[in-house]
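What TrEMBL says about this protein:
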| type | residues | note |
| --- | --- | --- |
| TRANSMEM | 35-56 | transmembrane segment |
| TRANSMEM | 100-119 | transmembrane segment |
| TRANSMEM | 131-150 | transmembrane segment |
| TRANSMEM | 170-195 | transmembrane segment |
| REGION | 227-253 | region 'Disordered' |
| DOMAIN | 454-658 | domain 'FtsK' |
| BINDING | G471, A472, T473, G474, Q475, G476, K477, S478 | ATP binding site |
Amino acid sequence: MASKSKKSRTANGKRRFKNPLASLKESFKNYKFRFATGLIIVAFSFYLAVAFFSFFNSGYADRSKFDLQFVDLIKDTSIQVDNVTGKIGAWFADLMVNKWFGLASFSFVFLLFITGFRLLGARVLPLSKTLIHASIITIWVSVSMGFFFMETMEDKYLLLGGAHGFHVSHWLISTIGHIGTFILILISLVIYLTINFEWFLIKFRKLIGKDLAIFKENDFVDTAMTASDSEADNNEQNNAAEADESITEAVSSVTTEETENEFQFDIKPAKKFEALPVEHPDNELELKIEKAASEEIIHTGENRPQGDYDPTLDLSSYIMPSFDLLDDHKSGQSQVTEEELIYNKNKIVKTLEDYKIQIKSIKATVGPTVTLYEIVPMPGVRISKIKNLEDDIALSLAALGIRIIAPIPGEGTIGIEVPNSEPQVVSMKSIITSRKFQNTKFELPVALGKTISNETFVFDLTKAPHLLVAGATGQGKSVGLNAIITSLLYKKHPSQLKFVLVDPKKVELNIYSKIERHFLAKLPDEEEPIITDVQRVVNTLHSLTIEMEDRYDLLKKAHTRNIKEYNHKFIKRELNPEKGHHFLPYIIVIIDEFADLIMTAGKEVELPIARIAQLARAVGIHMIIATQRPSTNIITGVIKANFPTRIAFKVASMIDSRTILDSPGANQLIGRGDMLISQGSDLIRVQCAFVDTPEVEKVNDFIGQQRGYPTAMHLPEYVGETGTQEPGEVDLSKRDPMFEEAARVVVANQSGSTSLIQRRFSIGYNRAGRIIDQLEAAGVVGPFEGSKARQVLVSDELELERMFEMLR
Ligand SMILES: Nc1ncnc2c1ncn2[C@@H]1O[C@H](COP(=O)(O)OP(=O)(O)OP(=O)(O)O)[C@@H](O)[C@H]1O
């Protein structure tokens, strides 16, 4: 075996002569070479930083030596300098600080540092993007320093803006004068910050006042978008550059090397997403390594509204949250080393051989947290035999969380999922900015994370249509719920989507109370935006069933079958708002800690949930229920039957896994967002996207700061079984809290229409109808007159106030 390897190396040795650039490129594919180069660059960046600092003190004393040529300075040992980094450091410091960009030259140190770190394998910041920003900042700082501190340190032999800053600012002053240069410096700073930082835009807008004509809402959106377009272009270029880098990395991490176990892997460069075939000596088993490069990311700046938008709605100035509110979490290519892959493969092959199982081929697909080894066994091998070796393989690899899928549906192979020694965090940002999510045409797109082949996993909640989420404590359930909500917030306008949030633990979902007036729905008399009290939950669920029935009535009147058709007709103005028609937002009910609810309220919550789950899909009401305790008394047959899509994070036992997924597997997950998603008969392993609480807060702050509706969307009132009123019997002692305001609006407009009240107060049709009934009983409006608006019986405010006095 060894001789074979040697032979192939000899053969390699006889390859044609390559040009030096190609050899250097080739060398960079070797991770050891990259590591050594990275180390040298990081060390040099430190050396330069010290040289710069020392130059501030020693530059004056050393100044006469800088007139010499570099070589002469270095050669002559009689010349000494005061700079602590010696003659080379002093020379570089003089060159970069005084002759180039002054203090801004520290950006070179910074760039060298992150390049070095990148070569060492750590992704501190995206290289190309940082390079662009660093260049802009360097030039700006240098010119500003040149302008403001032109002669400040001349006696210390230090030009704070460097020769560049000095000359450019001199030239600017002679061309546009001191005032012109000052304005130019200031304006360029504002433009830079405006283009790159969303918060600056918002603060700046607040500072100059919203009412200035030049910053009318729409202009503002346009400006922001144009800026983001240019950034999008930049990013596309960056991405192209990064994609190239990632190809080099993918290739370099699988270079030819001899291994202990005599399997040889000569893996050729291939395109992104293509399996990299492994050349191997005769009779040797080949390992194909599927290295999916990170998916294409598109514009990272402004996020734009998509899909139909009802122009009659009030929040036309709403700006979608921008991508820079989310963090990178150092996410990127999976950094599983070639050594790890080969080690695991050899162990798998050896364990199977020990049990006399011969295999034909083996392929590895590297995912963010798990690598899938796909095996094709020799003919005649019984699949169940491999399945039974799960524990033995786990033992030989000394790894937890190994899952055997025998066979992989539709593939005819056997899969062995092995956790990576260094799992990658999949950032929410990478998922939100992925082309797949950005281009999705789904009505309610939920981006949950990445599959084992590094593909972004997106599904349409309208098709799900309800989700059951379970997992033991601390395994990533709350992060998962945040990922679901965040992805919807990044795609939907407040007019299109409302959440009803139920959180008996009171802490998990509280973070969303800031977006109450934009994205939340609740009972009219409910004070808290997030529902925590069990009785309130029961009332809200009943109210949702009323909303569901109301919506079905509207759909029937409009001769439509579902919310999509209905809203389409409404947008096309084919439905008359005077007849109670209105745009229907999707409603997503999220219940965290479902176990707590069912333990205290039992059937009282189970039945309305089941009813909503059975019927509400067509009218745009979807449910997501989460629980820590996936036992059969919590996830009952009724619940299970109505929640076809289920997500399982790691659970404690196989029984729990069966309760959620109807199959084992969730007990073998590795935690921290590792999950199995079951949709019908499919079971998909996905690494959940990670979104941290501060990120969720930033997104909510961003939305919450914007103009919203006057209140949360009000669900129909539910007064309990005994409290329902007969139509026509209006009790004026129980007037709606909005009664007086509504009466004023009706009198001021001299129009007694339900839809007017609905629009003005953003309330549901039922509640607006009840207010109109109360206004009729109080004598403010006349009786119902079919399609015409009711007659207003009170002519002015004064008369109205007198009427209120009497009612009070
Ligand atoms: N997708 C993920 N990627 C990386 N780490 C994660 C992910 N999800 C969760 N974690 C880690 O696990 C920790 C616990 O997650 P989380 O709070 O979501 O658990 P939980 O299941 O909701 O727990 P509990 O039920 O007790 O609230 C997080 O603080 C984080 O460190």
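Note that Cβ sites are derived from N, Cα and C of the backbone, with glycine treated the same way.
Taken as a whole, the domain 'FtsK' (454-658) shows an average pLDDT of 89 in this prediction. Among the binding-site residues G471, A472, G474, G476, residues whose Cβ is positioned under 6 Å from ligand 1 are identified as G471, G474, G476. Summary of the ATP site environment: with the site residues G471, A472, T473, G474, Q475, G476, K477, S478 set aside, the chain residues having Cβ atoms within 8 Å of the Cβ mean position are Q628, F649, K650, G671. Set side by side, the binding-site residues T473, Q475, S478 differ in how many other CB atoms lie within 10 angstroms of their CB, and the most is found at Q475. For the binding-site residues given as G471, G474, G476, the lowest number of other CB atoms within 10 Å of the residue's CB is seen at G474. Here A472 (ATP binding site) comes close to Q628, F649, K650, V651, A652, D656: these same-chain residues lie at least six apart in sequence, with C-beta atoms under 8 angstroms from its C-beta.
Sequence-distant neighbours of K477 (ATP binding site) (same chain, six or more apart, CB under 8 Å from its CB) are V469, A470, G471, A626, Q628, F649, listed in sequence order.
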